[in-house]
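Lifted from TrEMBL, the feature list:
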BINDING   Ala26, Gly27, Ala28, Gly29, Ala30, Gly31, Lys32, Thr33  ATP binding site
COMPBIAS  100-112  compositional bias 'Basic and acidic residues'
DOMAIN    5-709  domain 'UvrD-like helicase ATP-binding'
DOMAIN    710-966  domain 'UvrD-like helicase C-terminal'
REGION    69-119  region 'Disordered'
Amino acid sequence: MDHLSGLNPAQREAVLHKDGPVLIVAGAGAGKTKTIVHRIANLIKEGVRPENILAITFTNKAAKEMRDRTHQLLSSSGADFARRGVSQADETDNQSSKNKKSEDEMLPRKASEGATGAGGRKFSAENFRAFRGNISSEPYISTFHALCAHILRENAREIGMTKYFKISDQEDSLSLIKAAVKENDLDPKQYSPRYFQSIISKMKGEAITLDEFKNMELNYMENLAQEVWEKYEASLAKEKALDFDDLLLKTVLLFRKNAELLKSYQNRFKYLHIDEYQDTNKVQYELSQLLARDHKNICVVGDNDQCLISGTNVTMADGTYKKMETLKKGEFVLSNYGCGDFRPARILSAHKRAKKGELIRITTLKGKILTSTPEHIHFAGYRLGTTPQLYFTYLMHKKGTGWRIGTTQVYTKSQKQPIIGLALRNNQEHADSSWVIAVHKTPNEARILEYNLSLKYRIPTIPFTARKGLSLNGYVHDQVTINKIFSSFNTEQSAKELLFSYGLSQEHPHHHAKSNNSNRRNLNITLCADRRGKTPMHLISMSGNDDMGSRVLKSLGLSVRPAKKRSSSWCFETVNANYGELLTIAQKIILALPETHIVSRARLGGEKKNPKDGNSLPCIPAGSIMPGMALFTDKGDYDVVEKIERVSTKGRNVYDLNIEKTHNFIANGLITHNCIYSWRGADIRNILSFEKDYPGAKVVMLEENYRSTQNILNAANEIIKKNVQRVDKNLFTNKGEGDKISLYEAMDEKDEADFVATKILELKDKGIDWRKIAVLYRANYQSRVLEESMITYSIPYQVIGVKFYQRKEIKDILAYLGASLNPENLSDIKRIINFPPRGIGKVSLLKIFAGRKNELSANTQITLVRFYNTLEKIKEYAATHNTSETIKFLLAESGIEKFLKDGSEDDLERLENLRELVSLAKKYDNFSGLDGITKLLEDAALMSDQDTDKEEKDGVRLMTVHAAKGLEFSYVFIVGLEQGLFPHQSIKDDEIKDPEEERRLFYVALTRAEKKIFLTYASMRTIFGSRDYTMPSEFLSDIPENLIELEPQNLLKTAYY
């Protein structure tokens, strides 16, 4: 079979793009995995060695699916394809065999795997596994964590670890953190270990080390987190263990430190693919950048959405106007080269995109109207002398303190000079940034909203900084009291919800405080800062007064000078005609100084009436523009925003341009940003900046959906369009409209479960396979009543999400294996030292772990010696036997098998589970020595819920929406659609919920269905013993009525209630 057959034109375009960066914009069900798999096959056909190809996914299941599909495609393409591809690869690399040798020394190839004679290589399933001790002869397809675990084991000495270091899973880590909390004399009931775990994980995910965290400005709880973190790290080091976040962070730190080692992996992985790139955090982003830095052959899946609507008039170089949709590459538009200097500029590229969703319509005082997508970047801001008298309700943030709500105004009357109150208040509070929530004509309107928002979102209105002067018991004059108030509120999530509800971007505040020291760094990028030459020059600058900042910039090869003569302050600035070059510099600075904020502006204003007036405006998305802001006009002067409206696309197409050198053009009489090279936020470490990280990147749109009917896709599009920071896609299909979405209002959760069960039986009567049906829910506890109904109606079912590797007996055996390889791991020792029972009491255990073994009784010391001898025997046996045989030996030698055989019925079930573990371990039998045990422990730590369930089991699938990611079913039930449940507005397990993430999860749930969706909600629900009335989910009202059909209620239950 031809590896290009079955691809649509967009998929084919992505597959055939061999060298250089490529961004694949893929909607749900648009065939992104298929595209990546075919791209891998095409690379091999084009002569790329398989071992030079890396593909990274976020889940083990996705990695397995990609490996299986790659193997299937290459096998079906025939041996001739394999021979031609690999033979060509071998010939291509013959000239660089010297360099290749150094790579293979780093990752030695097994003799049984590397044969590639003149006859070519046979592509068997073994050739496309994720890991078999080395990865030198096949594409490497894995998760981020598995990749990093492998790299760290290969270079364990470099990080001061043993090759057999343990990977601490979430439960192990939480146990160590609980111990650290107690060591710091804190009560775990009052100071949640999960809170500290989330703080530590977040910092590591942002590539922030413990030492760096200590030097940050911390509030009370963060200071406690720092102390707990220290104890936690000491425990990990003592046990020679790494947690999940360490796998990523330590790999990045290793690559930062060892350029030669990084180079070897860059040469190994010359072609990099990353799925779900928009979900990468800071450390994953940096890892991908490091690996792709030299070859730049990186292919990612993500999205970009910045456009103007069709019908927009663009001013051409000769002063005439042309519609946006008629513009073509090579034409010249009129552009601002800086400070109101207008000249011709060439269109490098023009792009059309179908758009469904919300648009932003800007109307100015001079009657100009411009409509764009919410993400499109404009030049807009409050400007002295231009912005009229207005009153603001604002949200303010101060690092280390939190968030507050307040009011202010633009002072244009009764003042010696105009003042933008937002900037003034921000400075007075020593805050970092502020957002205008709403604009008012009177101060009372601003105050009313201030108090309403404060009560609704539980965000204080008191100042960050104590007021000067004295007051009898006045708390606003007492900084200690103020600090206590803010430390008692978790305003972080509330602030996110507030910004989300008003459609504002957290990455684009309306005011940035100026840089002061290492605690607040701003990197300023100014478009068209210097217009004096034929080509406009763009400026990048940074200043500070700390030695570290100066040293870091100098280490990057940047020129740093004193800000003034005999000044301790320093500054860095440079100009470049290539805007992309400045973005590259910005990327290097961000990676070296992660706390840096990007402040983007454009210097496009004309003559200044007052020398003190600025002629620059900030770069912000349309969704963040507010009334009263100034905009640049086609005359080089300013217009003022009168109103902002959110309007429907009504099926109109949208367009974007790439303008050479100036990156701006005139649309409907207003100057707007070049779409492609616009900043979409201060954080350039995610999918929104891919085209800036890699100027000239190939962009391919995959919008045709192969899974769902059009009715399902229309509902999904309506749901996701309300997300501000969304990856917006116009999903379409050729499968037809399909059935309407069924909606059922249940009386309670029992009625809801009975409805689901009876509908499933109706589907079964129509010949539908049980496995084609899924029931999705937001929270795990919802499965209980569903399971009861499945049993009542004799419906076979399988709960996806049962954690096989989290069962007690499984963890016990894994702990035995881990302790045999690493006897210093106290977490494992503590778990198994009395299993099976050995008669070692609590007092003896305390003495053992306190290092006072000499105080033990003679009998206890003998028992302890026997225990450690057992561990040594297990290790010795494992060195010469395969993994499954080792586990059998362990069960017998430790006495566990006999103990369980002689026990209760539950114990016999546990023994059956251990026997299943032996069966699963057979897939590690091909490893030599201790490598099989090591890989088993690694996979067990990394294993996701859905990876461990038996997919062959017949039955309806019950699972959380999270577990359903990447899966598809013919018929899908989504239950529990009530406000507070889905979307989940509460805090569960100290995990903070994100409103946009909740909406995205519902979008994911909808797009799992191929043919039909059933939505349900209950009027009453019993949660944690309390029976409460509920409100239908806000998501239901977002789905157009013409897409929904109502299911009749259970009249008997209605009458009863």
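Positions of Cβ are set from backbone N, Cα and C atoms, glycine also.
Remember, predicted model here, so these are calculated numbers, not experimental data.
Taken residue by residue with DSSP, Thr33 (ATP binding site) is part of a helix. Regional average pLDDT for the domain 'UvrD-like helicase C-terminal' (710-966) in the model is 81. A 10 Å cutoff on Cβ-Cβ distances gives Gly31 (ATP binding site) a total of 21 other Cβ atoms nearby, all chains included. Sequence-distant neighbours of Thr33 (ATP binding site) (same chain, 6+ apart, CB under 8 A from its CB) are Ala62, Glu65, Met66, Arg69, Asp275.
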